[in-house]
Amino acid sequence: MAKLYFNYSTMNAGKSTVLLQASHNYVERGMQTYLMTARLDTRAGQGRIASRIGIAQPADTYAPGDNLYTMIERRLAQPCACVFVDEAQFLEPEQVWQLARVVDDLDVPVMCFGLRVDFQGQLFPGSATLLALADEMREVRTICHCGRKATMVVRRDAAGRVVQSGDQVQVGGNDRYVSLCRRHWRAAMEGAEPDRLL
Ligand SMILES: [Zn+2]
């Protein structure tokens, strides 16, 4: 029975690495996978999932308004053992329902990877819907500078100051984000000096 998976994490936890490794596990057993990523993310160039440790794979891209059910159904003209969706926080709620239909009606597993919360501690809409609909959820863990699990992220400006407000989505500049435990995220948002974040 196929399932909808949500692998969530904070920034820079290595979720693209986990995605590419999981896809590779299928490929080395002679199976094919379908990789998708958000089109607004141009960090790795269009249509590519890249990990910070230096591995990358080409990927199809999706944008708001795209019907992922139709895209995946079309891809299934060829063998496909599993669909992988990166940057899943950028999915629209409707697109998450389309992925659920892929799992239920086309019987193909879909593994989504994405951020749980933004720099203000708010759920991304795509992640909120995945938290509601996923059959299985797994956390890709990383740690705060203090050694506790990092579940939150702060955004910094060019001068290294913690940003309190702004758009939820700001493409690129991963080095502008620091993943922290909730205690240190609260301290950062309340104005602790930037060097305590590193
Ligand atoms: Zn901490």
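Any Cβ shown, glycine's included, is placed from N, Cα and C.
Pulled from TrEMBL:
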- Glu87: active site, proton acceptor (ACT_SITE)
- Ser9, Thr10, Met11, Asn12, Ala13, Gly14, Lys15, Ser16, Asp86, Glu87, Ala88, Gln89: ATP binding site (BINDING)
- Cys144, Cys146, Cys181, His184: Zn(2+) binding site (BINDING)
- Val169, Gln170, Val171, Gly172, Tyr177: substrate binding site (BINDING)
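Overlay of TrEMBL annotations on the structure.
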residue : record                 : Cβ contacts under 8 Å, 6 or more apart
Ser9    : ATP binding site       : Lys15, Phe113, Leu115, Arg116, Glu139, Val140, Arg141, Thr142
Met11   : ATP binding site       : Leu115, Val153, Asn174, Tyr177, Val178, Ser179
Asp86   : ATP binding site       : Lys15, Ser16, Leu19, Leu35, Met36, Thr37, Ala38, Ile49, Ala59, Phe113, Gly114
Ala88   : ATP binding site       : Phe6, Val96, Cys112, Phe113, Gly114, Gly126, Ser127, Leu130
Cys144  : Zn(2+) binding site    : Ala150, Ser179, Leu180, Cys181, His184
Val169  : substrate binding site : Leu40, Phe90
Gln170  : substrate binding site : Arg155, Arg176
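Calculated from their C-alpha atoms, the gap between Glu87 (active site, proton acceptor) and Ala13 (ATP binding site) amounts to 13 Å.
Within the set of binding-site residues Ser9, Lys15, Cys146, Cys146 have a CB atom less than 6 Å from some atom of ligand 1. Cα of Cys146 (Zn(2+) binding site) to Cα of Ala13 (ATP binding site): a span of 15 Å. Of all the binding-site residues listed here (Ala13, Cys146, Cys181), the one with the fewest other CB atoms within 10 A of its own CB is Cys146. Each of the recorded positions Lys15, Glu87, Tyr177, His184 was scored by the number of other CB atoms within 10 A of its CB, and the lowest score belongs to Tyr177.
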